[in-house]
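In TrEMBL this protein carries:
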type     : residues                                             : note
TRANSMEM : 12-28                                                : transmembrane segment
BINDING  : Q101, N142, N165, Y225, Y261, G265, G285, H294, H311 : substrate binding site
DISULFID : C137-C276                                            : disulfide bond
Amino acid sequence: MAFRRLRNFKIFLSVGFAVFFIMTYISFNDNGKSTSLYKFPEQLWRFMMSSRRQCGCDTCVAEPEGSTWFDERLNLSISPLLTKQNNVIPESVYKWWLTLQGEKKPKDIYEVMEELFKVIPGDFDLMDQSPYRCRTCAVVGNSGNLKSSYYGPEIDEHDFVLRMNHAPTARFEQDVGSKTTHHFVYPESVRDLQANVSMILIPFKTLDLQWIISALTHGTINRTYIPVPRKVRVSKEKVLVYSPELMKYVYDKWLLNHGRYPSTGLLAVIFALHVCDKVDIYGFGADSKGNWHHYWENNASAGAFRVTGVHDGDFEASILANLTSINKVLMFRGR
Ligand SMILES: *[C@@H]1O[C@H](CO)[C@@H](O)[C@H](O)[C@H]1NC(C)=O
Ligand SMILES: *[C@@H]1O[C@H](CO)[C@@H](O)[C@H](O)[C@H]1NC(C)=O
Ligand SMILES: *[C@@H]1O[C@H](CO)[C@@H](O)[C@H](O)[C@H]1NC(C)=O
Ligand SMILES: *[C@@H]1O[C@H](CO)[C@@H](O)[C@H](O)[C@H]1NC(C)=O
Ligand SMILES: *[C@@H]1O[C@H](CO)[C@@H](O)[C@H](O)[C@H]1NC(C)=O
C-alpha cells in the first residue's frame, strides 16, 4: 500500500514537473515563433536567469557582453523620443542642435512643443524592455545593394521594420519587403505613409516641429530651406519625434564628433539599439560595384554626390562594422 502511494506521488510529481516545463517553454518561446523541444533545457535555463536578463531573445542587444567599446557607448538612460514626459532639452543639447541648420531666429522651443503635443499624443516611449520581450527589428537603408537581394520576405518577418526618407516599397517588395512599422523622415525628405505606419520625425531645427504641426493641421508652411509639402498623409496618433538629446548623444558618444551631424541611417541604427532586442540591418553601404545610388534609382552613378557632404560616411561605416564584428547587429549586404 505504502509503495503504491509512493508511486502515485511520483507520477503526480512528474506530471507537475511536465506542466511546469511546458508553461516555461511556452512563456519563453520567442514571440511564439519556431522553437522546438530540444530547446527545453535552454528555456529552463533562461527562466532561471530571467531576473537578470534584459530580454526574451537568445541574445539581447542591451546586454553587456565584454565589449568595452560598446559598453562605453550605449547609454539606455537617454530616451529616444521627445514626449510629453520627456520634453526637457538640456541647454548644451539645445545650443548644439540650433547650429545644425543655422536657425537664426528660432521660435521658443517649449511653446512649440506645447502646441505640438496638442496635435500629436506624445505619450509613447517604446522603452518597454522586459525579460519577456523579444522585439526583432529590421533597419532598412536605401542602398542599391538591395537590388535583386530577395530579402523582402525575411525583412517582413521582423516585429519592427524601420525605413527612412523617400524609401518606397511598392514595386520593390521582393527585395525590400512590404511591411513598415516606423518611417524616419524630416520635412525635406518626407513622403506619405500608410495609416498604420508610425512617422518618426527627426527635427534638425525648430521650424521642423512647426512644420509637422502645420502639415497635420492648417498647412501654412510650404518652405524650410527648400520647398516642402504643406500637408502630409500620416495618422496623427502615430507621429513620434526623435529626441534632440539622442541626436547629440549619437554625435558625441558614437560618432566622436566626426562630420557635422549623424546621417539618418546612423540615427536609425542607434535608435534601434535603444528600442529593440535584436537588430538586423539591410541596405546600408555601397553596392558590390562601389556605387552609392538608391535601390529605386536606375542610374547607378546618380549617387556619386552622396559620398561627400555633412556626414562622415567612412566613420559611420566603421561604427557599423564594429557593431557587426561584436554581433550586436547582423548586417545584410546584398546578394
Ligand atoms: C547616460 O546618460 C545620462 C543622461 O544624459 C547621464 O546622466 C549619464 O552620465 C550617462 N551615463 C554614462 C555612463 O555616460
Ligand atoms: C498596414 O496596412 C496595410 C494596408 O492596409 C496592410 O497591407 C498591412 O498589412 C498593414 N501592416 C501592418 C504591420 O499591420
Ligand atoms: C508658399 O506659399 C506662398 C504663400 O501662399 C506662395 O506665395 C509661394 O509661392 C509658396 N511657395 C512654394 C514653394 O510653393
Ligand atoms: C546618371 O547620373 C549621372 C550623375 O548624376 C549623370 O551624369 C548621367 O548623365 C546619368 N545617366 C543617365 C543615363 O541618366
Ligand atoms: C572600432 O573598434 C575598435 C576596437 O575596439 C576601435 O579601436 C575603433 O576606434 C572602433 N571604431 C569606431 C568607429 O568606433
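Cβ atoms here come from the backbone N, Cα and C positions, even for glycine.
Automatic, uncurated: that is what TrEMBL annotation is.
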Fewest-neighbour residue among recorded positions, criterion Cβ within 10 Å, set C137, N165, Y261, C276: N165
Expressed in Å to no decimal places, the gap between the Cα atoms of Q101 (substrate binding site) and C276 (disulfide bond) is 30
To the nearest whole angstrom, state the Cα distance for the pair H311 (substrate binding site) and C137 (disulfide bond). 24
Rounded to a whole number, how many Å is the Cα of G285 (substrate binding site) away from the Cα of C137 (disulfide bond)? 19
Row Q101 (substrate binding site), column other C-beta within 10 angstroms, all chains, value 19
In the three-state DSSP scheme, C137 (disulfide bond) belongs to strand
Express the distance between the Cα positions of Y261 (substrate binding site) and C137 (disulfide bond) as a whole number of Å. 24
Just checking: which of the recorded positions Q101, N165, Y261, C276, G285, H311 have a C-beta under 6 Å from ligand 3? none
C276 (disulfide bond) to N165 (substrate binding site): how many Å between their Cα atoms? 20
